[in-house]
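Features as listed in Swiss-Prot:
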BINDING   Gly170, Asp171, Arg172, Gln173, Thr174, Gly175, Lys176, Thr177  ATP binding site
SITE      Ser371  site 'Required for activity'
Amino acid sequence: MDIRPAEISEILKSQIASFDSEANVAETGQVLSVGDGIARVYGLQNVMAGELVEFPSAGLKGMALNLENDNVGVVIFGDDRQIREGDTVARTREIVDVPVGRGLLGRVVDALGNPIDGKGPLTDVTRTRVEVKAPGIIPRKSVHEPMQTGLKSVDALIPIGRGQRELVIGDRQTGKTTVILDTFINQKPINQGTDESKKLYCIYVAVGQKRSTVAQIVRTLEEQGAMEYSIVVAATASDPAPMQFLAPYTGCAMGEFFRDNAMHAVIAYDDLSKQAVAYRQMSLLLRRPPGREAYPGDVFYLHSRLLERAAKMNDAHGAGSLTALPVIETQAGDVSAYIPTNVISITDGQIFLETELFFKGIRPAVNVGLSVSRVGSSAQIKAMKQVAGSIKLELAQYREMAAFAQFASDLDASTQKLLARGARLTELLKQPQFTPYPVELQVAVIFAGVKGYLDAIPTDKVVEFERRLVAELRGAQKDILDAIRNDREVKSETEAKLRSFLEGFVKNFTV
């Protein structure tokens with residue numbers, strides 16, 4: 001073999017010249033045990049709480065939650081069956097972050113912000129941390145702008161303002177999700193306008209629901225033309241508990257993008273009971289001590305830090321807002337259970353839906369007595385305040401009297417009148433699903449009820465009366481609605497017009 005010294009020296013010189021002194025140092029650990037979506041990892045001495053870690057062999061990510069003396073408890077965002085004992089785990093030195101921005105509108109994503117709707121990769125997005133601190137006291141402003149749901153019983157009696165947190169609570173199958181979908185659909189006319197300060201973007205977070213249910217919700221939003229200004233974040237029942245735990249924070253980060261950029265958004269968490277169950281599962285598997293109903297001690301903080309991020313910002317911070325509509329499912333109407341009482345104490349009011357009312361045909365099945373909005377009439381336009389003030393009182397008196405009237409045989413005329421008016425107002429507050437009313441139409445319809453124009457109509461004909469009234473108002477009497485919408489109050493000349501129209505309409509109404 002012929003050795004050429006010149007050639008060898010050339011090779012050595014070129015290798016020395018291209019030698020890179022920087023070593024690629026990665027802090028890694030090893031999986032000790034894995035199961036139920038939790039991995040115990042040895043090593044990772046400097047890992048941060050809440051840091052994203054990687055399982056390179058499985059192509060999965062996880063989050064370090066328990067930092068103990070001899071190991072780290074990691075929750076896995078994905079199928080833990082792909083991870084084996086002894087696998088390498090690497091630090092990423094990043095806290096969990098997700099994509100945010102306008103590019104998400106019209107899309108369905110998972111709890112990590114990955115698109116799952118088959119419409120290709122996301123565009124026009126930036127990334128932000130999932131867990132951020134809620135705005136302090138100084139950047140906030142009192143809630144004063146209405147967030148119209150399009151439901152008469154909510155907008156008149158339990159008004160919601162932009163930046164408020166209003167709980168939707170009730171047993172299964174009482175129409176909680178329908179209230180939220182109606183609210184989203186009701187924003188369509190506003191969002192078709194050009195005034196960015198009035199638009200309201202919608203985010204729906206599905207936690208622990210069936211995939212078929214989520215698909216049905218997306219289909220409804222698409223059919224109603226509401227998907228173009230909505231984002232759906234889905235962590236379904238088949239997803240691991242860590243994904244169900246993370247999804248509400250992911251949705252909230254997406255909503256905060258609009259809030260912090262002088263825009264308005266509403267986010268619905270459907271539902272937080274399932275998030276609490278997922279968090280309980282994770283905590284017990286991480287060997288954290290259980291508390292009441294086996295929930296961990298920090299389950300209140302789990303929800304409070306999420307809901308405190310909904311806020312109305314002051315003018316110096318862009319005057320944007322994020323409104324939260326958390327949903328809680330009760331068991332047999334028990335609102336005094338642990339999670340319901342927690343969330344009731346965090347939120348600014350609740351819409352309480354009852355099974356009994358639902359089966360009586362009163363839908364939306366809102367229990368007006370137990371439901372409350374702690375923001376109140378400051379979240380209503382003047383026109384609604386003018387007509388809604390008396391309906392609250394009349395319904396309260398009706399409920400009180402109806403309880404006693406069961407035992408009394410002969411009632412005086414004033415009591416009979418009160419009961420008749422209350423029964424008609426209850427009928428008037430009924431509304432079919434996915435038919436939200438604009439606020440000016442609600443005002444006109446409620447005006448007819450509280451001013452006594454329904455008193456001569458049989459109770460079972462009130463719904464038909466309202467249907468015809470709405471058709472007439474939207475047709476020949478459109479100028480009345482336009483006046484209420486533009487003035488944002490019922491002026492004396494508008495009231496006179498409305499009264500004369502209603503008098504003629506009641507006279508001509510034949511069953």
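Here the Cβ of each residue, glycine as well, is placed from N, Cα and C on the backbone.
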**Request:** Rank the binding-site residues Arg172, Lys176 by the number of other Cβ atoms within 10 Å of each Cβ and report the first-ranked residue.
**Result:** Lys176
**Item:** Ser371 (site 'Required for activity') and Gly175 (ATP binding site), Cα-Cα, nearest whole angstrom
**Value:** 15
**Asked** Given the recorded ATP site (Gly170, Asp171, Arg172, Gln173, Thr174, Gly175, Lys176, Thr177), which additional residues of the same chain have their Cβ within 8 Å of the Cβ centre, ordered by sequence?
**Response** Glu329, Leu353, Thr355, Phe358, Ala365
**Prompt:** About how far apart, in whole Å, are the alpha carbons (Cα) of Ser371 (site 'Required for activity') and Lys176 (ATP binding site)?
**Reply:** 13
**Fill in**
Here the binding-site residues are Gln173, Thr177; the one whose Cβ sees the most other Cβ atoms within 10 Å is Thr177
**Item:** Least buried by Cβ count (within 10 Å) of the recorded positions Thr174, Ser371
**Value:** Ser371
**Message:** Let me spell it out: for each of the binding-site residues (Gly170, Gly175), count the other Cβ atoms within 10 Å of that residue's Cβ, using every protein chain shown. Which one has the most?
**Reply:** Gly170
**Complete:** One finds that other Cβ atoms within 10 Å of the Cβ of Asp171 (ATP binding site) number exactly 18
